[in-house]
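One structure is given below, encoded as structure tokens.
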């Protein structure tokens with residue numbers, strides 16, 4: 001299970017700390033979802049998702065304001081007796097002194113934001129989904145080509161980094177070389193990024209390590225990119241049948257998500273950068289509803305039907 005420090009969330013969302021007396025350095029968030037404790041304020045604590053970040057909006061605050069003081073204090077103590085990362089008040093709602101006292105007593109940090117409840121929840125969930133996403137690391141190169149994330153794979157020394165360097169010279173952007181960290185942020189989205197230690201570097205055999213950001217400028221690099229297409233480079237095999245039409249897509253699976261994969265045989269004289277660019281544009285065309293292979297198939301079929309009449 002992956003975790004993210006509460007302090008990182010506070011910094012990212014620019015939250016105001018209403019209980020600075022509480023040390024948050026050891027508090028970890030483990031759940032990407034959030035919870036609005038509406039039913040819990042009425043005293044119903046069955047199925048309470050206390051391990052999530054708790055959000056208080058106008059509705060919850062208005063209900064607490066109408067409670068009798070003793071009853072309200074009892075509900076607050078019961079609520080914060082559960083182990084939770086924190087409670088966030090949205091819309092700039094003022095936190096009562098009674099609420100702060102109970103929070104400090106129970107060790108539950110309280111924060112505040114000026115953002116609306118729904119927009120804050122959406123922003124937090126989206127960020128936590130990425131931070132807490134399941135992940136793997138694979139050997140390869142990830143490049144942004146015309147907005148499509150191209151993951152170049154293949155055996156060591158086959159030319160992945162050289163292909164990436166040529167793509168960079170042609171105006172495309174490097175995400176990571178050699179090691180790709182892949183996160184599954186949804187059932188149809190994979191995000192690739194570089195380890196901090198190797199970010200923006202490329203290794204070229206015979207030359208060594210080069211800093212792409214320094215050599216080609218900030219426009220030549222990118223920190224993250226969705227993985228839309230995989231290109232697997234392999235040595236040319238005369239006995240192997242390679243796809244020449246592209247009517248049927250081949251796929252590779254990462255973390256349960258399937259990604260379109262093209263096996264590209266390597267021979268002297270083949271321009272890998274142009275092949276990668278063509279694959280990216282063709283993939284985008286297919287997403288927009290046009291399939292060149294299907295169009296050719298339809299033309300041939302129609303031509304044969306005409307001749308048979």
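Cβ coordinates come from backbone N, Cα and C, glycine included.
Here is what Swiss-Prot says about this protein:
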type: ACT_SITE; residues: 139; note: active site
type: ACT_SITE; residues: 160; note: active site
type: ACT_SITE; residues: 178; note: active site, proton acceptor
type: ACT_SITE; residues: 244; note: active site
type: BINDING; residues: 154, 155, 156, 157, 158, 159, 160, 161; note: ATP binding site
type: REGION; residues: 265-270; note: region 'Important for the catalytic mechanism of dephosphorylation'
Ask   = Short question: which residues 6 or more past the ends of the region 'Important for the catalytic mechanism of dephosphorylation' (265-270) have a Cβ under 8 Å from it?
value = 158-159, 233-237, 240, 242
Inquiry  = Within a 10 Å radius of its Cβ, which of these active-site residues (160, 244) has the fewest neighbouring Cβ atoms?
reply    = 244
Key: Closest of 139, 154, 156, 161 to residue 178 (active site, proton acceptor), Cα positions, recorded positions only   = 139
Remark   = Across the recorded positions (155, 178), the Cβ with the fewest other Cβ atoms inside 10 Å is that of 155
Message = Checking the contact step here: among the recorded positions 154, 155, 158, 244, which have a Cα within 10 Å of the Cα of residue 139 (active site)?
response = 154, 155
Query = Among 156, 161, all listed as binding-site residues, which has the most CB atoms within 10 Å of its CB?
reply = 161
Task = For the recorded ATP site formed by 154, 155, 156, 157, 158, 159, 160, 161, name the remaining residues of the chain with Cβ within 8 Å of the site's Cβ center, in chain order.
result = 233
Request  = Measuring Cα to Cα, tell me the gap between residue 155 (ATP binding site) and residue 244 (active site) in whole angstrom.
outcome  = 23
